[in-house]
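Student: One structure follows; several queries about it will come next.
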Amino acid sequence: MKFLSLFIYRPVATSLLTLALVLSGLLGFRMLPVASLPQMDFPVIVVSASLPGASPETMASSVATPLERALGRIAGVSEMTSSSSLGSTEVVLMFDFDRDINGAARDVQGAINAAQSLLPSGMPRRPSYRKVNPSDAPIMIMTLSSDTFSPGQLYDYASTQLAQRLSQIDGVGDVTIGGSSLPAVRVDLNPQALFNQGVSLDAVRTTIANANVRRPQGAIDDRQQRWWLKTNDELHTAAEYRPLVIRYHQGAAVRLQDVATVTDSVENVRNAGMSNARPAVLVVIRKSPQANVIDTIDRIRDEVPQLRKTIPAAIQLEIAQDSSATIRASLHEVEQSLAVSVGLVVLVVFAFLRSGRATLIPAVAVPVSLIGTFAAMYLCGFSLNNLSLMALTVASGFVVDDAIVVLENISRHVEAGLKPLQAALLGGREVGFTVVSMSVSLIAVFIPLLMQGGIIGRFFREFAITLSVSIAISLVISLTLTPVMCARLLRSSAPRQQPRRRGFGRMLLVVQQGYGRALHRVLDHARWALLVFVASLGLTVYLFISMPKTFMPEQDTGRLMGFIQADQSTSFQAMRSKVEHFMRVVHADPAVESVVGFTGGWETNSGAMFIALKPLSTRGDNAQQVIARLRSKLAKEAGATLWLRAVQDIRIGARQSDGGYQYSLLSDSLDDLRQWQPKIRRAFASLPELVDVNSDQQDKGAEMALTYDRTRMARLGIDVADVNGLLNNAFGQRQISTIYQPLNQYQVVMGVDARYAQDINALNQMYVTNHQGQPIPLSSFASWQPANAPLSVEHEGLSAVSTLSFNLPEGVSLSQAAAAIDRSVIALGMPSSVRGSFSGTAAVFEQTQSSQLWLILAAIATVYIVLGMLYESYVHPLTILSTLPSAGMGALLALKLFNTPFSLIALIGILLLIGIVKKNAIMMVDFALQAQRQDGMPVREAIFQASLLRFRPIIMTTLAAMLGALPLVLSSGDGAELRQPLGITIVGGLVVSQLLTLFTTPVVYLYMDKLRRKPRWRPVPAQS
């Protein structure tokens, strides 16, 4: 450590280098993006296809299956699911984490092209795809409402003007419009009028399509100029379509208005959006990857006044919900914890050193290390989020350790009579290796985590690198700036001290002397101390195995998602009234700020709600308590069920479900799946460890099954294609023509008027035109009867799948729920044709369960290797690592005491403890080895003196680390659920470890020294 003198003798250069580090950190801080959690870019692509009027089973067999066969051949697909409903199919592809999303998108487009020839010819457009991130919840929801404009007009303004402007804002990734559909001209046919006039549905469709064409007409050139030809070949409004002549009947023109009601309406009338129970069109905004959430929301808010100017004054554009408030509050809480941690750490130093000048040294080292870390975070592309700020909060107790060790040793020499400059040179060299060992071994803890693949590695990479960088900067500061400041600020001890300081020093001396006496007795009965060590190891293993576990702590983000489901035969109008009723009840809750909901689309028996809660400081109750209260209010509502779950900042898996966790049932036999799914669902619903159990299997929809008499059809001159075309024209909401406008394109939609299709008698009014042009009643060759039919068909891979979703009641961990599910499935005795497995977050939790122990063992092994290299010894690292069992025991006992399940956040706390508690042993072992080698001191006396000599810095560093994490334990504001497990783990582990390792480490050192000195067997040469 001779290089220390280079900095000690050049204080100006050292201070300027430190200033440069601080300035670069401040600059990086200003440019860092802000987010709730590290960016998790799940490579997911959704392929969408539509065939209006097609049944879910038809969509599954003719659209989903060809696409799945082509898409399933793409390399790197980890999960492929599809959902087919009335007229639409979505195939969701989740790729491996290391798969480039842009390359995957090119492969997806190629697969779609390859499957195109196998898809039905009547599809209005080619299948399309989009990149999505399932973990990205909406950052803002805007609403448009009006007393004078229709929902279709509001939707048109939103899609043609607002969506374009919003998409251009920096940071906006996706803008989705919901709550209605685009304007359209609707042709609602009167079957009886068609029959009376001798007009077929196909004739109406052909007439409309031929009357609205958009083709170039060319130009005429005369000698002087060119004349472009323009015709009135396009029709734009219902009024222009009504007088169209379809045919002449008995010498009179049969116009469209004679056989149909033609109105300016919307493409899909079964679509509704609401804001606080008032009709509204919804604008849902998501951010782009790597975007700063706060800055993006601020830019959107700044643009809102300009957006309002682009729409009529009678339209109210409001921001219904945005996520910035809870993110700001959560980050503010972490920043407060960070400030309190730094203050407590400095207070600990002052209490022990009893000198303002000495306290100033670590008081400078801590913020310099933390601020300098911001520069590295910016260069690494990180963000200011809960995890990175938690890393800095915890680091405030770590980075001071190096400065404390150096400062305490230099102060000891100053108190012994050396001049500050000499003390800085000598003291810095003495502990230089110790400081390097402490810091390098602490950073080594995170090497396995950084090498970890999958979600754990991606999620905690920012935390690990941020903490490692702050420790590395602290190491540099402690070996450069700290000795310089010690040489300039410390003063030789005054002969007289103030009574207050003398009293504290005397108290510390008494404690140290008491520790010395106790250590003597422990060393005299070393076997008992070793037994305590072994017992703590056994108890740690037992606690880890029996501890309730979960994936991530349940967060209170101030946002809830509600899913409403009614009977599968529920009509759109009935469902709309139910959704409005649920929204009124939810909005009346004192904790709810606003409610935005929608229903409709192709599934008329379901709806959804986005619920924004009031600030936590205002509502008092956490999200789970609000959910429990609303659940009890709405439990007895007839005809529909509402499922609620708290929105989480991280969501794994692209599969949509009503609950936060999923269990999937797969089978190659759809009949077996439909037979066993209700049994398993009932079994899950009876488990006290689960709530809100639901299934996405909807196979009880009302269907009218038509049976054709093909012999009679042949005799009448009718083809099956003609009949299916008739049914599609009548009931398929068929888009038969396109209206082109400057800003958008709109559709002409044809179908039987709802007044004539309210019951099954509508089929009796259907007539098919045969090959001779004669109208033939549908009932003359077809019969029909009601039956059950699926509202949607789900696939995973190429197998039928049904997903059971569930939530957890308060106080139940995911491991307890998973164990209950496994027991229930075993008890049911499912056949081999039905396979069950967890999906989404629950599946990742199962995978991480097996990797957690290996991650801890890998961290211990890495630290052992690093320490072995530093000490050039196989034995001494074992002495240092002997501190770990007591720390693990304390951490797990603390989690049990606070009724907190073991999560990934607690796992990070365990890894941190591996790095923290060994510092105490390092300080003891270093000085004991030095005393043995340089002074020839006996091993027992060496470790005894080392323990006494390093007692003060050990207590100081442990208290600093403990108090640095204490604000995390005591936090109660926004985001506290994420911070508390980390603080509880660290504080609990440090308390127990401090009480035990001060005694067990010297004992282990003695036994290891005996092991090292044990005579080895050597071959005896043969005597001649």
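Backbone N, Cα and C define each Cβ position, glycine as well.
From Swiss-Prot, for reference:
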type	residues	note
TRANSMEM	3-23	transmembrane segment
TRANSMEM	333-353	transmembrane segment
TRANSMEM	360-380	transmembrane segment
TRANSMEM	387-407	transmembrane segment
TRANSMEM	431-451	transmembrane segment
TRANSMEM	463-483	transmembrane segment
TRANSMEM	528-548	transmembrane segment
TRANSMEM	853-873	transmembrane segment
TRANSMEM	875-895	transmembrane segment
TRANSMEM	897-917	transmembrane segment
TRANSMEM	953-973	transmembrane segment
TRANSMEM	984-1004	transmembrane segment
Student: At a C-beta cut-off of under 8 Å, are there same-chain residues at least 6 beyond the transmembrane segment (953-973) that contact it? List them, or none.
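Tutor: Those are 329-330, 332-333, 336-338, 340-342, 344-345, 347-349, 352, 390, 393-398, 400-401, 404-405, 408-409, 616-617, 916, 919-920, 923-924, 979-980, 982-984, 986-987, 990-991, 993-994, 998, in sequence order.
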Student: Answer yes if the transmembrane segment (360-380) and the transmembrane segment (984-1004) have at least three CB pairs under 8 Å among residue pairs 6 or more apart in sequence, and no otherwise.
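Tutor: Counting Cβ pairs under 8 Å, fewer than 3, so no.
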Student: For the transmembrane segment (333-353) and the transmembrane segment (3-23), does the number of C-beta pairs under 8 Å, pairs 6 or more apart in sequence, reach 3 or more?
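Tutor: Contact criterion not met.
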Student: Is the number of Cβ-Cβ pairs under 8 Å between the transmembrane segment (431-451) and the transmembrane segment (853-873) three or more, considering only pairs separated by 6 or more positions?
Tutor: yes
Student: Find the member of 3-23, 528-548, 853-873, 875-895, 897-917 that has more C-beta pairs under 8 Å to the transmembrane segment (463-483) than any other listed stretch.
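Tutor: Comparing 3-23, 528-548, 853-873, 875-895, 897-917: 3-23 has the most Cβ pairs near the transmembrane segment (463-483).
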Student: The transmembrane segment (528-548): which same-chain residues, six or more beyond its ends, come within Cβ distance under 8 Å?
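Tutor: Beyond its ends, the transmembrane segment (528-548) has Cβ neighbours at 522, 813, 815-816, 853, 882, 885-886, 888-889, 892-893, 895-896, 901-902, 996, 999-1000, 1003-1004, 1007.
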Student: Apart from its near flanks, which chain residues at least 6 from the ends of the transmembrane segment (875-895) lie with a Cβ under 8 angstroms of it?
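Tutor: Same-chain contacts beyond the flanks: 441, 533, 536-537, 539-540, 543-544, 547, 860, 863-864, 867-868, 901-902, 906, 909-910, 913-914, 916-918, 920-922, 925, 929, 981, 984-993, 995-997, 1000-1001, 1004-1005, 1008-1009, 1011-1012.
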Student: Need a quick answer: max count of Cβ pairs under 8 Å to the transmembrane segment (897-917), which of 3-23, 853-873, 984-1004 is it?
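Tutor: Checked against 3-23, 853-873, 984-1004; highest Cβ contact count belongs to 984-1004.
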